[in-house]
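K.L.:
Could you have a look at this structure, given as structure tokens, before my questions?
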Amino acid sequence: CNKIMKPIDGSCCQPQPPLTLIQKLAFCFFSLSIVGYIIISVIHRNNFRKNKSCTDLESGEEKKPAISTPNVSTLEMLLHSFCKLGLIMIYFYLCDRANLFMKENKFYTHSSFFIPIVYILVLGVFYTENTKEIKMQNREKTNTFQSAILILCVVFFSKDSLLEPVFVNKINFHTKTVLENVPGFFIYPLSLSFDSFQVLFRLNFLVVVLCIVMDRPYQFYYFVPLVTVWFMIIYATLAIWPQIVQKKANGNCLWHFGLLVKLTCLLTCIYFLSYSQGAFEKIFSFWPLSKCFELNGNVYEWWFRWKLDRYVVFHGMLFAFIYLALQKCQMISEGKGDPLFSNRVSNVLLFISVVSFLIYSVWASSCKNKTECNELHPSVSVVQILAFILIRNIPGYVRSVYSSFFAWFGKISLELFICQYHIWLAADTKGILVLIPGYPMFNVLVSTFIFVCVAHEISQITNDLAQIVVPKDNSTLLKRLLCIAGFFSGLLLFSAMQDQSRH
């Protein structure tokens with residue numbers, strides 16, 4: 001029994017950290033939400049029963065009810081969502097903060113690493129269906145792609161990430177996930193509308209709640225800050241004068257030139273920051289940015305994560321630009337069963353893509369020096385990603401099918417990736433959660449089932465709250481944004497006071 005995670009031991013005597021003021025306030029908020037929901041639900045159901053149909057004693061016929069189903073108010077929906085979220089957060093806290101469940105160490109073997117991957121990939125193939133939309137990057141294929149990446153990342157996390165080939169492939173999968181979302185963000189309508197804020201809300205809601213409940217910094221869940229910042233960079237690049245949207249670009253080719261100028265400026269800024277660590281750290285060392293991006297008292301971890309994927313957004317925006325230009329010039333064919341280009345061009349590109357994909361995979365798997373691989377990765381990772389996209393989309397048949405199994409998981413990929421930190425893995429991903437001691441396989445099955453169910457429920461809660469918190473009306477949206485800004489300001493001030501009291 002020990003409080004330090006050792007290579008051959010489990011940890012069963014970790015001291016439970018004391019509750020912070022922010023955690024106590026969160027507990028009170030969720031408790032009030034549960035009580036409030038129960039009270040409103042009881043009142044609402046009593047009112048509904050009063051309006052239900054009654055039997056006419058004279059005729060013996062049942063009268064039609066005035067109200068057939070209870071109308072759920074916005075307040076009741078809000079409290080219901082927070083009620084479910086509160087119960088889920090209690091489970092999170094009990095799994096990874098309370099001294100209730102043991103955490104055992106992760107052991108790497110080739111069989112435990114590759115067998116689950118092969119099994120899941122084969123299972124996904126059996127759920128192949130025809131896609132409703134046959135465009136190059138439709139939602140179903142994007143969900144499938146993200147799900148496959150996520151499953152492999154989860155397997156990587158559960159093994160020894162110090163192995164260089166595993167680590168290189170893991171960061172490559174993170175890069176693929178970021179790049180996969182760039183074309184969608186790039187083609188997004190350029191307006192300060194509720195759609196853009198809903199994207200940011202869905203990206204950050206779960207992480208902000210976990211930062212409060214689990215007492216962890218925002219940068220601890222590094223993938224969400226990374227995607228959030230890149231989304232804002234894409235938005236800012238397109239939104240600054242002169243604004244360039246798809247309609248303008250299709251109407252006049254000069255807008256294409258303007259967009260290329262913007263992309264060149266973005267690449268220049270990225271290149272400058274990547275070779276000026278001092279300037280980068282100064283930008284993110286100012287309060288309140290420092291509270292969001294510091295980890296262990298400095299922003300080095302954020303600098304390291306950002307630098308690994310520094311060119312991925314530029315590559316993604318350039319890919320989206322070329323894709324839209326080819327569409328306008330009618331140089332690609334996205335019909336069902338048709339190759340993406342002419343037969344000769346498609347065959348040549350497909351051969352080059354397969355060769356490039358294999359060469360990069362061999363290089364990544366044979367990597368022995370993590371530092372050298374990290375330096376090369378930002379520049380060359382686009383080769384394998386672009387090769388995969390072309391292999392996936394050039395043949396007409398391959399482009400028109402997808403795996404519904406992976407697509408379902410892809411819809412909750414963000415929640416799965418974040419939840420694994422505490423309720424599938426544990427000890428902040430350093431160990432594996434043990435719900436059933438002594439039965440490792442049964443424990444994995446049970447914890448995985450709960451993990452997937454919780455992630456799916458959180459996804460539903462996030463979508464429901466996004467509809468309520470981020471309305472379509474601009475004036476209401478502005479008021480909500482001011483309230484959210486006030487909430488975050490108070491949260492950062494409480495966090496600063498907490499840090500001072502600790503020191």
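Cβ coordinates come from backbone N, Cα and C, glycine included.
Here the structure is a predicted model, which means the values were calculated and not measured.
Here's the feature list from TrEMBL:
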| type | residues | note |
| --- | --- | --- |
| DOMAIN | 5-481 | domain 'Cas1p 10 TM acyl transferase' |
| TRANSMEM | 21-43 | transmembrane segment |
| TRANSMEM | 77-95 | transmembrane segment |
| TRANSMEM | 107-127 | transmembrane segment |
| TRANSMEM | 187-214 | transmembrane segment |
| TRANSMEM | 220-241 | transmembrane segment |
| TRANSMEM | 253-273 | transmembrane segment |
| TRANSMEM | 308-326 | transmembrane segment |
| TRANSMEM | 347-364 | transmembrane segment |
| TRANSMEM | 406-426 | transmembrane segment |
| TRANSMEM | 432-456 | transmembrane segment |
| TRANSMEM | 477-497 | transmembrane segment |
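Give me the structural setting of these features: burial, nearby parts and distances.
P.N.:
When Cβ-Cβ distances below 8 Å are used as the criterion, the transmembrane segment (77-95) is approached by residues 26, 29-31, 33-34, 36-37, 40-41, 101, 209-210, 213-214, 422-423, 426, 433, 454, 457-458, 461, 464-465, 468 of the same chain, each at least six residues removed from its ends.
Note on the transmembrane segment (253-273): residues 233, 237-238, 240, 242, 244, 279-280, 283, 310-311, 313-314, 317-318, 321, 325 of its chain, located 6 or more positions outside it, place their CB under 8 angstroms from a CB of the stretch.
Same-chain residues lying 6 or more positions outside the transmembrane segment (477-497) and placing a CB less than 8 Å from one of its CB atoms are 21-22, 25, 194, 197, 212, 287-288, 291, 469-471.
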K.L.:
What is the average pLDDT across the domain 'Cas1p 10 TM acyl transferase' (5-481)?
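P.N.:
Taking every residue in the domain 'Cas1p 10 TM acyl transferase' (5-481) and averaging pLDDT yields 77.
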